[in-house]
Amino acid sequence: MKDQDLELEKVRLISLATKLGFDEDSAKKCLDRFVDLYGDDGRDFITVELCGDDFLAALADFEEGTEEWDDIQAIESEAQGNLAEMFDKSTNPSDNGFDTDDDDDDSRVEVHVIEDSPEPKKKPEIVELDSSSDLEDVETRFKVPRRSQTCSRSMDYSMEDSVSTISGRKPSVQISNKDHETPSYEELQALDDLEFANLVIFGNKVFRPLQHQACRASMERKDCFVLMPTGGGKSLCYQLPATLKAGVTIVISPLLSLIQDQIVALNLKFGIPATFLNSQQTSSQAAAVLQELRRDNPSCKLLYVTPEKIAGSSSFLETLRCLDRKGLLAGFVVDEAHCVSQWGHDFRPDYRELGCLKQNFPRVPVMALTATATESVCQDVLKSLRIPRAPVLKMSFDRINLKYEVIVKTKEPLKQLQELLRDRFKDQSGIVYCLSKSECVDVAKFLNEKCKVKTVYYHAGVPAKQRVDVQRKWQTGEVRIVCATIAFGMGIDKADVRFVIHNTLSKAVESYYQESGRAGRDGLQAQCICLYQKKDFSRVVCMLRNGQGRNMDRFKSAMAQAKKMQQYCELKTECRRQMLLEYFGESFDRMICKSSLNPCDNCERS
């Protein structure tokens, strides 16, 4: 490459860096080092097309150290400790809250969870029945133990009716939606089996969209892929069938913190026995669970495992074969299924190996679930899990009650945030997402001290007890606003969140959709706002470089996703709702947004 051509390419690379928000002087210094590293023999490779991502990675490394990025590994380590403590307490006979069918067998291990939250224990929601005859009807249709009885016994429910296709369900019976109104005997009689079980076990009077179809597919031992937006009720799609079918349902989940939340809810709120296995357990803890699974009548209905347990444990696979031979392997559930795809925003290599489930157990149904998957990710997941012809149950990604908006940051962004909260969200509950731990703390401090707005902050570096207290204060309304990193969101389900503000753009459209989707779960109007300035993107690049472990392929993939998020923020006239939906492969007419009650900012202006 000639000198003049090299200078032209250097100008292009500097332009690329500044366009993405990097400081020009820093970019020039880094580029000089970059050129020296390539040397004379590598000059031909110094182009935007051939080394643009490498240059951005080097620039991110050059600027590293100015911010502390969040890492959920700290939360994962704490979750492992909590789970281990729960397990140890549950295997202590003096603490054991379960009865057993084999009282004379001292070797039997019953697994349940002891609550580790400072919150007062809530009483389970009980479906009240009109009379003793109604109760007899419940017990006739399902052998459901009352909530005061043991939950360790195997609950083998039969389905009276079966439909040939997933979509061929009858319309839901309309039951009064008043929270405290007892269903009448006639209403109970009119329910189909799944509706009846949903009411009796989980206290839900109606199914949300697609839940019934997903549950029916599971009961008929059919594979399926469920795509539901955040707050759509994915967990019920496998938890309800798991309680009705004989045997154990295996749930693969990527994070121990998610597993902890699920097990606590199942055991304490619904009285459904669930336990877990992961690679961090002691050998004696793992052996106790495996021993229980090999019994003729395992006590647990759901077993949560991390993906490496499936791919890397021959003893666990042999235990699954033992269950299968006895007809007690009820099904596999792959939660957060987008982690399977190398094109997804949260790819995990261990998830890629889960195709072995269908390979080893071809007759056992697989249910995959996710809240965020593009069309290409969806196809990759189906292929990788070896269920290419599985029906895809997909809800619309359009959250019609959410209003999307991007606001360009001013020279005083904190003051701008203060005015936004004061003028538009006074006395309302919301989340302010921040990119780093330091940003999270600084924003919360500003709102508390300068604005006199009661605010708490949440990131993985906050001690566990303090995080629990922060979540409790926000959930109960004692504090309206929480400033948080990506660590906040797992297990969060607060209905009346009126706004989600991203103080810095998210790292990917999938992440933004999921985080902003925590607003308006009560169906009422809520606003999703991103505060944007070009130089913030350089911080996203640094975060991605830090989080990808210097793996260039993963960094390049993450960069491509981040650039899509930047494009969303820089839309001048195009419909933001349309871009979000089309990103997930859903066609959308912009006129619908324009004429809706919650048009995006661009449609509102046009």
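Glycine is treated like the rest: Cβ placed from N, Cα and C.
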Candidate ranges 7-10, 335-338, 491-494; Swiss-Prot annotation motif 'DEAH box' resolves to 335-338
Per the Cβ under 8 Å criterion, with at least 6 residues separating them from its ends, the motif 'DEAH box' (335-338) contacts 225, 234, 251-255, 258, 344-346, 351, 368-370, 372-373, 377, 381, 385, 510
Ser235 (ATP binding site) falls, by three-state DSSP, under helix
Other than Met228, Pro229, Thr230, Gly231, Gly232, Gly233, Lys234, Ser235, the chain contributes near ATP (Cβ within 8 Å of their centroid) the residues Arg208, Ala371, Met395
Listed in sequence order, the residues of the same chain lying six or more positions from Gly233 (ATP binding site) whose CB sits under 8 Å from its CB are Arg208, Gln211
In DSSP terms, the motif 'DEAH box' (335-338) comprises 2 helix, 0 strand, 2 coil
One finds that other Cβ atoms within 10 Å of the Cβ of Gly231 (ATP binding site) number exactly 21
A correct count of other C-beta atoms within 10 Å of the C-beta of Ser235 (ATP binding site) gives 19
Cβ neighbour count (10 Å, all chains) around Lys234 (ATP binding site) is 25
Confidence over the motif 'DEAH box' (335-338), expressed as mean pLDDT on the 0 to 100 scale, is 93
